[in-house]
Each structure stands twice: as C-alpha cells, then as structure tokens.
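Annotation source TrEMBL lists compositional bias 'Basic and acidic residues' at 1-11, 20-41. Annotation comment: TrEMBL describes 734-746 as compositional bias 'Low complexity'. As annotated by TrEMBL, domain 'Polycystin' applies to 194-272, 337-408. Among the features that TrEMBL reports, domain 'Polycystin cation channel PKD1/PKD2' is placed at 500-641. According to TrEMBL, the region 'Disordered' annotation covers 1-81, 715-752. Summarising the annotation, TrEMBL assigns transmembrane segment to 146-165, 449-470, 510-529, 549-572, 614-636.
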Amino acid sequence: MESSEDGRHLSDATQDSMGEAERFKTQAEHCSDDMKSKEASNEPAQSLPANLALPPTTDAARRSSAAPSETSEKPHTRGNYAAHRLRDSISAMGASFRDSFHSSQCSTKSLLSNLHKTTNSKTSVPRKLLLNYLESTAISRDMCKHLPIVMFACVAFFMAVLNHVDVQRMSLVEKSVEHVFLFSARNDAAIAHFEEVHTVEEFWKWFEHVFVPTTFVQTAPDGSPLAKSEWGRLMQYNKLLGSVRLEQRRSRPVQCQIHLLDSFYGSMCHPAGKEADSAPFGVRLCHPLAHVPASDLAEGDECLQGEEFEQAIDFSQPASYSQGFTAEEGKKGIYRFWLDPMRDKEEIVKQVKYLEARHWIDMQTDYVKIYVTLYNGELSIFTQCALTLKLERGGYVKNEFEIGSVILDPYQLNPASAYGWDAVWYVCLALLAGDKGLRLRKRIARRTVGLWDVLSGGTIVLSVFLSLWWHLGLLKETSAISEEIARGFLEHEAEIQDRIQEVIHHLGTYRILCSLNLILIMIHFLEVIRAQPRLAIIVETFLAASNDILHFLIVFVMIEFGFASIGTLLFGHQIKEFATLWDSLMTCFELLVADLSVWTELKAFDETTKNMGFAWVTTYICVVSLIILNMLLAIVMDSYASRQELVEQHGSEDLMHQVYNEAQDAWERLQGRSTLKDLLQAFKEAEKESSYWDLKEELTAEDMVEMLMRARKRRGSRRGSMRQQVIPLDQEESAAVSSSESSQLRELAERV
C-alpha cells in the first residue's frame, strides 16, 4: 500500500499537521506560563491537559498503563533490528517533546529539531501530530518524484507540437508574402500600399497598378519575359496555387430606420452584416451583350458597351460572363471572381477594369476579400493570405490582412526530431495518465475530488484529443490535398482552395488548444510543487491573497471602466482608439504599460481637445499607474512575506534536502532497513487491525515497534515467504549492528 495512496491530499494533511502543531504549541505555552505563575506563588501546579499529558516516566508505571502486547522480549533479529532503531527514534521524539515543554520551547520547529538529542528515553508522543507529520512528509516526497516528469512532459509536448506546426518554416514564407502585399507601392504614380487604402477609388487604383504587377509576375527583373511555367512566382520561391479569388458579400436593401427623410436620401439603406442578398447585380451591358446577368435598368440609366472587354471575358460562355455578378451556388450572398495567373497580364488588367466599370463594389457590398494561395517547394508549405476591405457605412474602408500556412508532412521533412519528440511526449503522457488515474480513482471513492484534480484530469483528456486530432485529422487531410494536387486540380480548383483554407483554420484552432494545454500542464506543475513548501510559496501567496485581490479587482474594474467611458465620450468622435468602449479599454491598458502614443494623437487636435486630453491622461497615470498598481503590489508582497515567515517558522525541508533524504531512504531500503514510508504503512495497517489503536492517543516506542513487527509478519504471511519472518543474527552480525547502531539511530531521528 503506497503512502501517497493512503495519505490524505497534501494540502489537507499539511494544514492538519500545522494546525495540530499550533494547537499543541499554544496550549503548551499556556500551561508553561501557568506553571511559572504557580511556582512564583508557591501554589501547586495544575496537571497538563489530557491531550498534552505526558505518560509516566517510570518503567513500572509505563508497563501498567501500556496496552498488552504479544511478547515483551524478542531476540535480536534481522527483522526487529530496524524495529529497535525505530523504538529508539520514537523514544527520542518523546524525550524531546518533554524536554522542550518543560523549557517552554514548545513550537513545532523546536520540537522537531530536538528529536535526535536523546536516544534512551522511553515516553509517548501525540499520535495525531505524528501521523500528520508522517503523512505530509510521505506525500510531499511522493509528489516531488513527479516533479521532473511534469517538467519534462511540458518540454516534450512543446517540442512535439513545434515539429507539427514548424513555425520557423512558416515565418520564412509568411514574412516575405506579408512584405509583398502590405508594403508594395507605386511611388511614381502616388499610389499608396495596401494599408493606406481607405476608399473604393483608392482600392481600384491599388489593385490595378500594384497588386496585379506584384502578384502576376511574368517578366524577369531585367525586363525579359519569363517562360510560362515560371509565371506567378512571388519572391522567386512562392508559386501561385491556382487562380486568385476575389470574393464579396452583399447585404439586402431595406428601408431606413427613420423614414422621414427617405425621399431626401434618394435610396434604400444597406445595413452591413444583416440579411444577405443573392440577386444578380452590376451595370447592364448593351446589345448584343444584354443577356449577361445584371441589375434591373432604372429609368435614366445607360447600358455599358462591353465590346472592349471581349478579349478578357468570354461572353459566349455562361460560366465566364456570369462569375462575379451572380451568387455562388449554396453560398447565399457570396459572389466570386477568378483571376487566372496563366493568362496574359494585359488580359488580367482588362478583367479588373471590367469589374470596376460594372460597379462590382457598390453600396450593397459588406466586404471584399482577395485570396491568394501559394506553394513553396523549398520548404514544403501551403500558404494562403486574405486581403480584406470592410466597407463601413460611414464611407471609410477598413483594411485587414490575414495569413496562414500548413506544413505538408513534418515526418518526412525532419523524421528523427518529429518521431523522437512524439515518442517522448506519449511516454510522458502515459506516465501522467496512469498516475493521475490511480489518484483520481481513490479520491473519487473517498469523495475528496478537488479543483486541482479536475484541472490536471482535463490536461490528460485534452492531450489525448489533440494527439488523435493531429494524426487522424489534420495530417491526414493535408496528405490528401497534396495527392489531389499531384493528380491535377484545375477542375476542382475552388474545392482545393477551400480545403486548404479549412485546414489552415483548423490548424490555428489546434495551436490555440495546444497553448491552452500548455497552461493546464503548468497548472498541474503548480499542483505538484505544492508538495514542497518552499516551492509552493508562490502558489500559496496568490491563494492567500486571492480574497484581497478579488476585492481590489472590483475597485480597479470600476475605475478602469470610468476612465474608458470618459475617453469614449470626450474623444471617441475624433480618435479611433476611443471609438468604442472596448477600444477605450484597450487604450487604457496601453497607458497602463506606459504606451503614450494616444497622447501624441491628442496633441495634434485643437487646443480644447489637447487640454482635455492632457487632464485625462495625467489623471489616469497618477491614479491607476502610480497608486492603484502599487496597492496591488503591496497586497501580493504582504502575502508573500507572511507565507515565507510561516515556512521558516515550521522549519520546512528544502528541495535539496528532500532529494538527499529520498536518496538516503532508497539506500536504506536496499540495505533492508525501515524508513518513514515503512513507518507510515505500518501505522495505517495497525489502525485498521483493531479498535485498540484508535483508543490510544499517546503512542510509546514499544507501540511503534509492535506495529512494525506486525506489519512485517502480515506481509510475510501474505507472500508465503519465510524470508520475511524473524531470523536470528549470529554473534558476528550482532557485533556489527551494535557498533553502527548509535550513529544510524541519530541520523534517522534527525531526519524525522
């Protein structure tokens, strides 16, 4: 029976032990003070409380008060050699308790530090205090054995996931693609780069004069034409995978919310993000191209002559002339247009002008997305980026850039590292799952499951889910896409790009869940280090200060909300950082970490706004940054100091000594000697044997020897081996035992 399985949860056991020690100390000090006052007044001292009463010190009195045992004398044997050591150690504990009490040094630390000073006294010790100490020590050592496993599991999981996603390879591609699309511009034509496009007119100019030449590369840097197989390469190594896709969502026209000025406004309203519209649209083409889908021709409108676009648009094929202006099948409100990189660049420019002439972007457009899918053969990576323009109903065009990548097969690119770290991680996961399963099963049976158990159990469940999802989902789908492209994908181009987009989206979710799992593993690490008091100071500090921090957060949140609300009301109509309450909260957080960029913007406005901004920023920094945050620091540091003092008061064993003592116990077990673990196991078995042990609140050394001997005999009878029974020592062995007994007893008593 393992001590970690039989013992209570470490925190409960430790708290019980500390509580019993403090109670013993308090009562002992009261008794000591009372005895001193009685001696000063020449009055007889009162007897000790029942739970602190020391047993008779004479052998006769002790024999009369002790419970009967099966035998009073036993030969010096291999089996009872450790029992004799233990008897003297427990006697040392009893003598130290008595000596410390009469010298008014009754703290737990002094009691435990004096246990090794006497080896011949035979007295009793409080059973509950000793049991709590043994339980907490055994559980602490058992939990600390798992500390290296948890630490290595965290590292192994990170390295395994890092091989799966290989962010270093991805960054090599993504940073080059980001540079191409975000920072390419035409300085000679005064056309800004993508991030400075904020109107529809600027978008069409940027698309025609910047995006098309940058994306559809058909000439070498020296101006010489490239072979057609070399077309569509970005930054030399990234080749376009299929066509560039333009996509927009359209909202259905509705009546404006206030109808009084509808006639003056002259058109219906188009609320963004509301009900989607799937009707054909666009300027109608004149005869003979009137069959092309378009909006209804209103009175006074003129049709568009489309002959100049016949080279770029095949008006004889419905699939050609209907794309972009009719909704995609099965996708309500979504319209797509494709730009083939294998077509001549002049034809692509004509297609762009065709979209602009037919008003592909109009008042009903919610957003426009440009999808570019790439393949880098040097790094074996699929990359897809999306340039998004959101048409706000105030007329401002907000631009966004998204990019994602996926590795084809990491097990072929770096097999040793990928397979190796996966194997290490799965071994650590199996060890964690087995250990946690045993502990959780016993705690469920005892109905002592806590929050720490739920969180650490969630780590195991999430880890198994992520492993299955990676091997049976993401990796399998990526391999299927690669095989589909190798067979030829032109007929299923849209489907392939959608599948790549879906895999990249799932891979992003996979990375988020892996990050969450790392947090759970770190929480499990915090649970394990609670077994070591000096390591657990950080955790215990926040747990002890949690009540004060909660009350502090209530005040802090209200103050933060107040400043954010004021910022929104005063500056929201002028500065986008205060446009919404959420934006204001983010701006306040930036000020909290000394980011004064918002003050730079406030200074650029009129004098009134500048003065109000100065007052708002100064007040916020003084109240929140200089006062409130320092109050939080004071709360945490006060809690830390109190926990540190408590640890020092109880003389907790540090990690290095704990490792040393555990190694020493292992060596003694190899020598066939008893350790603290054996003592605790014998304690538990003796309590279960009969009600006799439950009635005895004070245990003597003879009681402990009897428990250990019974435990040894019981295990020997269960195993059916005579080797576990008592075997007499010969004279040579007895002499060897006598010569080394004193130092060994002192070492064991000091460790207890």
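Heads up, the Cβ atoms here are built off N, Cα and C, so glycines get one too.
Non-local neighbours of the transmembrane segment (146-165) in the same chain are 407, 410, 414, 417-418, 421-422, 424-425, 428-429, 431-432, 435, 463, 470, 474-475, 507, 510-511, 514, 517-518, 521-522, 524-525, 528-529, 532; each lies 6+ residues outside the stretch with a CB under 8 Å from one of its CB atoms. With a cut-off of 8 Å between Cβ atoms, the residues of this chain six or more beyond the transmembrane segment (510-529) that come close are 143-144, 146-147, 150-151, 153-154, 157-158, 161, 164-165, 432, 452, 455-456, 458-459, 462-463, 465-466, 469-470, 474, 535-536, 539.
The domain 'Polycystin' (337-408): residue composition by secondary structure is 13 helix, 37 strand, 22 coil, according to DSSP.
Remark: secondary structure over the domain 'Polycystin cation channel PKD1/PKD2' (500-641) totals 122 helix, 0 strand, 20 coil, with classes taken from DSSP.
Mean per-residue pLDDT, taken over the domain 'Polycystin cation channel PKD1/PKD2' (500-641), amounts to 89.
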